[in-house]
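A short write-up of the structure that comes next.
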Amino acid sequence: MPLVDMNTLVGIAQKNDVLLPAFNTTNLEMTLAIMDALERAGMPGIIQIAPTNVKLSDYEYISTIAHIAERDYTVPMALHLDHGKTLDDVRRAVNAGFTSVMIDGAALPFEENIRFSRQAVDFCHVNGVPVEAELGAIRGKEDDHVSEADCKTDPDQVAEFVERTGCDLLAVSIGNVHGLEDEPKIDLDHLAKIAAVTPCPLVLHGGSGIPYETIYAMKRYKMVKINIASDLRRAFIGAVGKAYDANPGEANLAKVLLSARAAVTEVAYTTTLAINGMADVKVAA
């Protein structure tokens, strides 16, 4: 099935009353593992990559992998740029065939964030690509970037921000954190205040480490997209490490990478079901 744009995918999710898992990839094996998991679950979802990981995979390479592989899958999926920090990031992703992008100006003052995000929206909408913007800084480690900022999204700014930027989705800060080094302290009451005023669907970053039942509860507050990165990376690295421990002399790289792909698939599959309240599972470390 051809990759779809984010607005189409959100419409499918809302029609079926499900949350969209957005899994971060880095390479061929992780991309295919994510697609395998979504197909196995029979659920729509998102493959995404941040500019920090594009250093390895490049926009065109990761897009080509996803667009070639799409013919082997039947569930709807989108290819999304996560945490685009510059307009060049956004342009390169769109030109490479991404079907959705995020522009991240959360570290900027309110007015600057609006201007910056609006520039991305104007470019993307002309090209038929939806945009996720962010309001409120999220603490934690995002790849090689560490942020000590912890500024919850101000509900009083939400409606104005969405209206003036024209963004299609809004990433919010409600006590969530990037990475696994810090503990999230999710404030559902704060999310409810945001949901009461937002004119667009919401996005949760830092989904790894948050109890599944807490994520599932967010659905009633206009949450639609749940970002998961660290859990999959830990599964991939762990599988490679186990392969080495089992046989330090192993020279069959394909065998090792296939085991890593399978490990990522299992985590992505169980996570997809669990955030939607379909299974009471605990993903193994």
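The backbone N, Cα and C atoms fix where each Cβ goes, glycine too.
All annotation found in TrEMBL is predicted automatically rather than curated by experts.
Straight from TrEMBL, the features:
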{"type": "ACT_SITE", "residues": "D82", "note": "active site, proton donor"}
{"type": "BINDING", "residues": "H83, H178, H205", "note": "Zn(2+) 1 binding site"}
{"type": "BINDING", "residues": "D104, E134", "note": "Zn(2+) 2 binding site"}
Euclidean distance between Cα atoms of H205 (Zn(2+) 1 binding site) and D104 (Zn(2+) 2 binding site), Å: 12
Where the residue listed as 'active site, proton donor' sits in the secondary structure, as DSSP reduces it to three classes: strand
Rounded inter-Cα distance in Å - H83 (Zn(2+) 1 binding site), E134 (Zn(2+) 2 binding site): 9
Residue pair H205 (Zn(2+) 1 binding site), the residue listed as 'active site, proton donor' - Cα distance, angstrom, rounded: 10
Length of the line joining the Cα atoms of the residue listed as 'active site, proton donor' and E134 (Zn(2+) 2 binding site), in Å: 11
Nonlocal neighbours by CB distance (under 8 Å) for E134 (Zn(2+) 2 binding site), same chain, sequence gap 6 or more: M102, I103, D104, G105, A106, L170, A171, V172, H205
